[in-house]
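Undergrad: Annotation comment: TrEMBL describes A:83-178 as domain 'Toprim'. Taken from TrEMBL, the feature zinc finger covers A:60-75.
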2 protein chains.
Amino acid sequence: MNQQYPSALLEKAVGEFAKLPGIGRKTAMRLVLHLLKQDTSAVEAFSNAMTTLKHEVKYCKICHNISDTEVCGICSNPLRDASTVCVVENIRDVMAIENTQQYKGLYHVLGGVISPMDGVGPSDLEIDSLVERVREGGVREVIFALSSTMEGDTTNFYIFRKLSGLDVKLSVIARGISVGDELEYTDEVTLGRSILNRTAFTGTM
Amino acid sequence: MNQQYPSALLEKAVGEFAKLPGIGRKTAMRLVLHLLKQDTSAVEAFSNAMTTLKHEVKYCKICHNISDTEVCGICSNPLRDASTVCVVENIRDVMAIENTQQYKGLYHVLGGVISPMDGVGPSDLEIDSLVERVREGGVREVIFALSSTMEGDTTNFYIFRKLSGLDVKLSVIARGISVGDELEYTDEVTLGRSILNRTAFTGTM
């Protein structure tokens, strides 16, 4: 349906919002009209926050996470275990793991996974810098925490090959039944892996 | 859950997006990271579209619809019937009615409906300008096309009182069963209205 917009400026703003993932033209219209109702200062704050971020964003030169400084808060924290590096796809994964408060090592943000369909090859990702980081020494364990998709597995395997021969322990996060999930409703692959990778029962969980 | 953001700039941009209606912090994060992946020019185009709209938007001085000019394209169109005015809540309703291609009259955009709960009174809406428009003459019919909610009905009734005594026909858009809907699944109020407001059957629909 070719919507008739009463204003070219409005159409342009709606078009820009509709470029965002998961935002259709109807939602875009709702968001633009909402912003239009706000004060000019609120609209400018909204626009400026995004352009300022784009202009001033830095990526940590060690783990490539988004950061306000040259080295991010996690990498520069002396209380964290610099000998363990967790390989993740993006910054959202870092935040998800940080929220568990169960991990005290550092990260390495690849910036994606190998996906020939999307034109993403190993050279588009921070893989060489990871190999370099391990080669420099000090890293005793690399934990793979990529998603268990075809692309994630391919990337795991590619990095595994690159790191083999170096004196470093490689591990992968556990796959199994989610805490609280019922056995009978779990898919076969997950249930199978969860039996194969069973852990010692020590009386506490 | 108090998310830890690795960057204050990122947190600010996510916060601004999360102020939008229907956008939570997780979606906001996804949108911000998507924009961050784009070229600087794309991010600036996004931000500028919104600020330009806010700074340069005009409202038609006749119908109060959003417009790029003093008088909007609908009001200035000589082919449209200036004697019929359809009262709607907002510009999205104008676009919805325009898309039907069934209406050839003009509009009057109230900018909302009377809603004491939200602190919206008659003086916050373009009601006085509507009364003035009718008083000036030339308008033969005013069609109410507000939503059939408590607030919409209140607004209809308020305007009805304001316009009573003036030489103008007042009508309200038909409520009934949606085209294609099954009778048995229609709610009682709608079905009841649709029987009361039955129209003459002329052999064509």
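Heads up, the Cβ atoms here are built off N, Cα and C, so glycines get one too.
Surface or core, plus neighbours and distances: that's what I need for these features.
TA: Sequence-distant contacts of the zinc finger (A:60-75) (same chain, at least 6 residues past either end, Cβ-Cβ under 8 Å): 85, 91, 94, 98, 106-111, 126, 129, 133.
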Undergrad: Can you tell me how the residues of the zinc finger (A:60-75) break down into helix, strand and coil by DSSP?
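TA: When I sort the residues of the zinc finger (A:60-75) into the three classes, I find 0 helix, 2 strand, 14 coil.
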Undergrad: Looking only at the domain 'Toprim' (A:83-178), what are its DSSP counts of helix, strand and coil residues?
TA: 39 helix, 21 strand, 36 coil
